């Protein structure tokens with residue numbers, strides 16, 4: 001199923017030097033977001049930087065949201081993760097997409113112009129309405145949390 005999402009190009013290199021975000025395979029859940037900067041960036045250990053992607057989106061449909069997730073190889077191999085862990089883009093947001101990158105590693109890391117640094121994934125949204133209760137119906141788990149079910 002394909003859902004149209006409005007995308008605005010903010011940097012003229014998108015679509016010429018660098019491709020629009022796209023799914024790499026028919027089974028891909030996310031589209032790669034790239035560092036669309038004027039120069040390479042060096043992220044020092046412990047440093048967090050905000051990196052432009054060169055695009056803005058407007059999801060518009062309140063039953064959808066977009067999330068920005070890390071690329072697994074950057075985190076595992078180089079210690080580069082999202083500074084906010086997950087970026088949430090509400091359906092009514094219309095601004096530029098930025099990626100917060102945090103170098104949790106011990107070495108400086110260089111991001112070149114156009115490097116793929118995160119993934120954009122669209123997810124369904126359900127808006128809840130709270131129903132106030134005095135007690136919950138008993139469940140098997142109850143209030144057990146934070147390791148309650150064990151590791152084995």
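Cβ atoms here come from the backbone N, Cα and C positions, even for glycine.
Listed in Swiss-Prot for this protein:
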BINDING   71, 72, 73, 84, 88, 89, 90, 98  substrate binding site
Name the secondary structure element type, per DSSP in three states, that contains residue 72 (substrate binding site).
-> helix
Going by C-beta under 8 A and a gap of 6 or more residues, the same-chain neighbours of residue 71 (substrate binding site) are 32, 116, 117, 118, 119
Widest Cα span across the substrate binders 71, 72, 73, 84, 88, 89, 90, 98, in Å?
-> 27
Going by DSSP, is residue 98 (substrate binding site) part of a helix, a strand, or coil?
-> strand
